[in-house]
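Feature annotations, reproduced from TrEMBL:
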TRANSMEM  317-339  transmembrane segment
TRANSMEM  414-432  transmembrane segment
DOMAIN    660-823  domain 'SSD'
TRANSMEM  661-679  transmembrane segment
TRANSMEM  694-717  transmembrane segment
TRANSMEM  729-749  transmembrane segment
TRANSMEM  797-823  transmembrane segment
TRANSMEM  872-896  transmembrane segment
TRANSMEM  1150-1169  transmembrane segment
TRANSMEM  1176-1196  transmembrane segment
TRANSMEM  1208-1228  transmembrane segment
TRANSMEM  1240-1262  transmembrane segment
TRANSMEM  1274-1296  transmembrane segment
Amino acid sequence: MRLPLGFHLAVALFQVRLLWLCSLLFDLPAFWFFCEERLCSHQQCDVVLKIRRLCKFLYLAVVRFVLQETILQQTHSAEYCAMYDICGARSDGKVVNCPFGSPSVKPDDLLSSKIQSLCPTITGNVCCTEAQFDTLRTQVQQAIPFLVGCPACLRNFLNLFCELSCSPNQSLFINVTSVSKVMNNLTVGGIDFYITDTFGEGLYDSCKDVKFGTMNTRALEFIGAGAKNFREWYAFIGRRAGLDVPGSPYAINFRSSVDESSGMSPMNDTTYSCGDTSLGCSCGDCPASSVCTNSAPPTPPKKGACSVRIGSLKARCIEFAAAILYIVLVSMFLGWGFMHRKNERSPASRPKPLLNVTDSGVIHQLKRQKDENIPMQMLEDGPQISSGVQLSVVQGYMSRFYRRYGKWVARNPILVLCSSVGVVLLLCLGLVRFKVETRPEKLWVGPGSKAAEEKQFFDNHLAPFYRIEQLILATKPDTVHGKSPSIVTEDNIKLLFEIQKKVDGIRANYSGSLVTLTDMCVKPLGQDCATQSVLQYFKMDPGNYDGYGGVEHIEYCFQHYTSADTCMSAFKAPLDPSTALGGFSGNNFSEASAFVVTYPLNNAIDKEGNVSKKAVAWEKAFVQLVKDELLPMVQSKNLTLAFSSESSVEEELKRESTADAITILISYLVMFAYISLTLGDTPRFTSFYMSSKVLLGFSGVILVMLSVLGSVGFFSALGVKSTLIIMEVIPFLVLAVGVDNMCILVQAVKRQQMELPLEGRISNALVEVGPSITLASLAEVLAFAVGSFIPMPACRVFSMFAALAVLLDFLLQVTAFVALISFDFLRAEDHRVDCLPCLKISGSYTDSEKGSSQKKPGLLARYMKEVHAPVLGLWGVKLVVICVFSAFALASIALCTRIEPGLEQQIVLPRDSYLQGYFNNISEYLRVGPPLYFVVKNYNYSSESRQTNQLCSINHCDSDSLLNEIARASLVPESSYIAKPAASWLDDYLVWISPEAFGCCRKFTNGSFCPPDDQPPCSDGSTSGLGGVCKDCTTCFRHSDLQSDRPSTTQFKEKLPWFLSALPSADCAKGGHGAYTSSVELRGYEDGIIQASAFRTFHTPLNKQTDYVNSLRAAREFSSRVSDSLKIEIFPYSVFYMFFEQYLDIWRTALINLAIAIGAVFIVCLVITCSLWSSAIILLVLAMIVVDLMGVMAILNIQLNAVSVVNLVMSVGIAVEFCVHITHAFLVSSGDRNQRTKEALGTMGASVFSGITLTKLVGVIVLCFSRTEVFVVYYFQMYLALVLLGFLHGLVFLPVSSMDFPHVLFSSTIPPLQCLDKGSWAEKAVEMLCFAGSIKHVGPTFKMRAD
């Protein structure tokens, strides 16, 4: 049985009275008189003093205990309060309730209406005074802007605190458990709040997904410390806040169970579901809402390509298909081959020779005459050689032209040399306008690029993305376990303060003025730099380190960076630890192994303006500081430091131009030395000074350089800027191509009869090799020119320069170099020394050579003719060659699918560049992706338009709105690459002007903007002393002023500038200044149309090139889908998009350009040779070389990009040389197929091997020593693979496929093409396209030819 309260009071008063009498007794003045007058001993006085102190202590303790016990014996019944009125205020200004219970009271009408506006569930009597209600209103005011976008969540949240503060039945679920003394008054020190789990779960479920758009995160991160359930949220709410820390001034212990004997019952108000249509939340804030179920997030696609499993073996479908196809084709080929071999051995199956009948009825029998002494010597009586082999019409014309031209050049070498060189020198005059382009955006982004246009729109209408300067300070991995220790230690934080001090002290010189970080950094609120560093948890002030708590404080801020005021950054915004730390997993920030310090600097559109130049000056000083001072400082602490600036890539690309100068020069010298040896005769000690061709080789190299300079000069005169690749690669490329022609021309002249006059030898040599050189050169020019269709400027310009350089080189070869050959042979015949032609000596050189009409074939020519060709003629070798090359081709097709698009940034930089380590650290440590903006063009905010609801994501917004779709896509980051919902200026603006957010949009009585109460001039701390100036401020709108909670056109237009200039603060966190200053374009918005606005989110961390490409593709697909659905123009933008746009269609670009290049070569071959079969064989071999080269790319992990695409296209042109010369030599040779094969390999095969293969090989090998990875990967590895593949296909596969097997298919052993110049124009046109020489025109009919 409970005793009445009066009984307890009576007992308490009696106890207090006794103690009071005791205290009073020892406090009498008479007693102290006796002590002071020494009427009693010191011992007696001390005893009395101690008794007095004890009495006072017991008196005060008993008083407090008795009163507390008395207070805690509360009445728990309906219409009764547990704590009523305010009894004090802490030193930080937080008021505290009285701990005394009392019956609930009826408020006056004004207070009742106030309470109803905030707490509609509280009716009748209340347990709060007007002062208590004002305190409640002020406290929840800070949370309302976070939750107002979801009315159900806000209503539940307000009900919790309304019941706690003002419920008339407060004593039923509130029990004061402790009291504290404030300013000599007893106040509430702690309470038990009995509340059901049902209410807690409903409250949490309605609020758990509500977003806080400004920070791209959940609202619970700020008002619930990231609680994962309602109990964690209760624990955060109930925590007693320290001084000057937001939160409750007393402890609140939330409990769900209560002793039945206490007479109390848990609070169990009805909670509203976020899916409640009457309090509808958006799909972004409430994905579980019924209206959102039809818009479920897309299911991420299954990763991995199609695969087939056979037992334990797993292979891709294309690999399995290629293997099956290979088995089938090889089986068919081998079966057909053995059957044909069997039939060949049967005498009855041997075909009888047929005669060729012309339309005049005259029978012409082809003669097979062998003439070892005069190989392929052309006569002047038409397109026909002495052996009886007839040429095509085009070849005939070319032969006649080269015969006459060769004689004319040999007779007029000076005129030809001077005129040809003079024309090229005239082109070189354009070098006076020579300029080099080093800006990355101009090198790798086409002017018509969609991404470039979007970037230009973003920069012009909103603001250029800021410049990034970054430091990554990391610990070294443990040598035993390989795990990096935590970077979050006291020594490392102090080291970071020292680094920051040095960075702050940078004084860069620009045009005589000093530039500091403060001058250039981004300042969201106009005061402090928005430096992303963990030092922000100490307000960037080393003096706060110890006062805030050191390492413990920083670890506390990792978990409470959104809610703790002491963790707020110096620029007044929360700092997400994931942006300032690296090398951690999940949210284990304390395990981070790296500090990531980012300095965002202001950017400008004009790269030549003062802002950009000042930034570049500061960046250079920053990089120099890191190299000179910071790196040694960090390394002495056994740490690593990686760094980068916005201009670092451009500066390193400039340095790259000189990084490999020595390597390129050595490559040229090696090729020059090889040319000199190759062009000369077999070295003899007695005649080497005359037989060598050093001067001729040097002259040929000069011609190559002139062709390059002429190409650069021509395009420079047209205003086309050059690139570093052009200056470094094209000379090497043209030299490699030009050397081939030089070797072929010189060796062709050497093969002629020595007794012929020089002009006859040169004429015959040009007739012999001129058509094939022309064919190869035209094919190369066309192949290089095709590269000009590639959108990337660097590669397009490279292809243009290379095509013209190769063309000029070809023209100089057949003009100036032929003239130089004439001079050189005249020199040798006149007994003049090679390098000193003025010096003439007597010797037996020419006498020894005149002993034979023709020089003896060299060792290589004899090998090709006597060993290589016969071995390839073996039937078993043919089968092996076809099977092996087919297998590699099919395997390469399967491997091509493994080639990834992209171009690693490390590759294009010198190996010793400091950016190499930086890019590696970026991939290893960064846990946040690049910013992503969804830009809306021409947003119509007028009342008549639905676009506001089509874009926003708060209540009353469309379920398929843009921001809801972004939030939905962020749920599947694996496929969308969107990390989190977007920060929405529109959502925050609509919340900011809503009546519920009464602390945000306010106005003075004169209609001007009134800031929140915690900002000047409203705050008490204002220097103006106008603390009460805002007491009459009212909200901008009432609910009746709005239309379905949306502002009218005029209201939207008037208040938008207020919002964008409003500073965020505790009383209103939705202020748009800083967060959205550059997110909305206000130019011309008065007409109801906002031309440009952006919604910011982030990509997931992107570590590989494929991640960047796929993220761009996913963002564009998402924007396209939403734009089509909403009928609003939307596009995604991120700073890296314009550099990766090319990779979206890189495969399509590569295949189209390769098809055009190979098709162009095929057409040139068909027109010149008029042989469909020969052209088809060349087409097949070129396709196999390109496919095999792509297979090598897959094996070597070479990515597909514009550089590799240009290389692939160029490989078509270079591979032509391995095919065309041998094919042409075979076509114009006499004899049976084996003899013609030997003849072709003995002449042109040797030239291909020595003049093409080895020349390119010695030049390419030197590139492996390059300091720049791009040369090693894309020029050494790819060119080396191309040379080897071209050699194998040209000297192994081509002889087998085109010279041995066509006769099997067509039963033909005669030369494949003879298109004769007879009949009508129609017949001539048909003959120009005749089928592989297997169709012979006989009158009006066509007849198959066979031996």
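Keep in mind that glycine also has a Cβ here, set from the backbone N, Cα and C atoms.
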Top partner of the transmembrane segment (729-749) among 661-679, 694-717, 1150-1169, 1240-1262, 1274-1296 - counted as Cβ pairs under 8 Å: 1240-1262
Range from 414-432, 661-679, 1150-1169, 1240-1262, 1274-1296 with most C-beta pairs under 8 A to the transmembrane segment (694-717): 414-432
Closest-packing stretch to the transmembrane segment (1176-1196), where packing means Cβ pairs under 8 Å, from 317-339, 661-679, 872-896, 1150-1169, 1240-1262: 872-896
Selected stretch (most C-beta pairs under 8 A with the transmembrane segment (872-896)) from 317-339, 414-432, 661-679, 797-823, 1274-1296: 317-339
Dominant neighbour of the transmembrane segment (661-679) in 317-339, 414-432, 797-823, 1240-1262, 1274-1296, by Cβ pairs under 8 Å: 1240-1262
Intrachain neighbours beyond the transmembrane segment (1240-1262), with Cβ under 8 angstroms and 6 or more residues off its ends: 375-376, 663, 666-668, 670-671, 674-675, 678, 732, 735-736, 739-740, 742-744, 747-748, 751, 769, 772, 857-858, 860-865, 868-869, 1214, 1217-1218, 1221-1222, 1224-1226, 1229, 1275-1276, 1279-1280, 1283, 1286-1287, 1290-1291, 1295, 1299
Cβ-Cβ under 8 Å with the transmembrane segment (317-339): same-chain residues at least 6 beyond its ends: 305-308, 875, 879, 882-883, 886-887, 890-891, 893-894, 897
Predicted model, mean pLDDT over the domain 'SSD' (660-823): 81
